[in-house]
Amino acid sequence: MNPIFLGLNIDHVATLRQARGTRYPDPVKAALDAEMAGADSITLHLREDRRHIQDADVYRLSELRQTKINLEMAATQEMLEIALKCQPEDVCLVPEKREELTTEGGLDVASQKAWLTDYCAQLAENKTRVSLFIDADDAQIHAAKEVGAPVIEIHTGTYAELTDPAAIKTELERIRKATDLAVSLGLTVNAGHGLHYHNVQAIAAIKEIEELNIGHAIIAQAIFSGLPDAVSEMKRLMVDARQQAYLG
């Protein structure tokens with residue numbers, strides 16, 4: 001059975017801190033607690049506008065984390081220099097718009113292949129694995145392969161927002177086909193965005209998906225049940241769904 005891994009996104013711990021400009025809650029402490037509760041990696045998005053995660057968070061987590069870091073960032077020169085300094089195990093390149101509340105869609109890899117080819121190469125030379133956050137689109141998957149990224153993260157936001165059962169089924173099939181294509185090209189497939197306790201199972205049941213990156217839902221649930229329980233419950237749902245997929 002292919003295992004399924006949980007990456008906890010700690011951005012919204014930092015969002016709460018920045019709302020009052022305090023020193024608490026500490027996203028790095030949240031990361032360490034989540035690791036103890038079963039999170040397999042920690043995801044954090046250092047945005048250009050620094051609206052939640054700050055540079056100091058990235059550097060502190062780099063020194064203290066027990067699992068691995070997945071640093072989400074825009075493909076800019078500034079972010080490249082930071083990634084080269086802190087050397088996260090993984091970098092996930094994402095699109096950014098200053099006016100958006102959260103990442104609204106996948107990266108357009110096909111339109112910037114030359115830039116991303118060089119960008120991915122520099123990170124690879126620094127022993128950082130590169131992931132590209134893209135929509136479940138054949139052209140973008142082929143482009144990801146061409147620029148040298150070994151991993152893609154499929155944007156599940158569209159799936160997460162749907163309520164009509166037929167539309168959900170169609171979107172799941174699109175994600176499955178995209179996953180199959182990526183695997184056939186030798187890419188590792190992760191997924192994330194908008195996943196929560198009531199919709200994660202269908203994505204976790206796609207056997208070829210290796211990791212799910214989830215943040216908002218877990219941090220929200222932590223208000224009521226505590227972070228360790230929120231993390232362990234999400235991990236349990238994911239693992240159960242993966243096991244059921246193999247049992248048929």
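Backbone N, Cα and C define each Cβ position, glycine as well.
Under the DSSP three-state reduction, His45 (active site, proton acceptor) is assigned to strand. For His45 (active site, proton acceptor), the number of other Cβ atoms no farther than 10 Å from its own Cβ, over all displayed protein chains, is 23. The annotation active site, proton acceptor is assigned in Swiss-Prot to His45 (among others).
Contacts of Glu72 (active site, proton acceptor) defined by a Cβ separation under 8 A and a same-chain sequence distance of 6+ are given as Asn9, Thr43, Leu44, His45, Leu46, Val91, Cys92, Leu93, Val94, Phe133, in order along the sequence. Annotation source Swiss-Prot lists active site, proton acceptor at Glu72 (among others), citing sequence analysis.
Here Swiss-Prot flags His193 as active site, proton donor, drawing on sequence analysis.
In three-state terms derived from DSSP, Asn9 (3-amino-2-oxopropyl phosphate binding site) belongs to an extended strand segment. What Swiss-Prot records for Asn9, Arg20, Gly194, Gly215, His216 is 3-amino-2-oxopropyl phosphate binding site, and it gives sequence analysis as the kind of evidence.
What Swiss-Prot records for Asp11, His12, Arg47, His52, Thr102 is 1-deoxy-D-xylulose 5-phosphate binding site, and it gives sequence analysis as the kind of evidence. Over all protein chains present, the Cβ of Asp11 (1-deoxy-D-xylulose 5-phosphate binding site) has 21 other Cβ atoms lying within 10 Å.
Glu153 (site 'Transition state stabilizer'): 31 other CB atoms within 10 A of its CB, across all protein chains. According to its DSSP assignment, Glu153 (site 'Transition state stabilizer') is in a strand. What Swiss-Prot lists as site 'Transition state stabilizer' is Glu153.
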What is the one among the binding-site residues Arg20, His52, His216 whose Cβ has the most other Cβ atoms less than or equal to 10 Å away?
-> His52
What count of other C-beta atoms do you get within 10 angstroms of the C-beta of Gly215 (3-amino-2-oxopropyl phosphate binding site), across all chains shown?
-> 22
Out of His12, His193, the listed recorded positions, fewest other Cβ atoms within 10 Å surround the Cβ of His12
Going by C-beta under 8 A and a gap of 6 or more residues, the same-chain neighbours of Gly194 (3-amino-2-oxopropyl phosphate binding site) are Thr156, Gly157, Tyr159, Ala160, Glu161
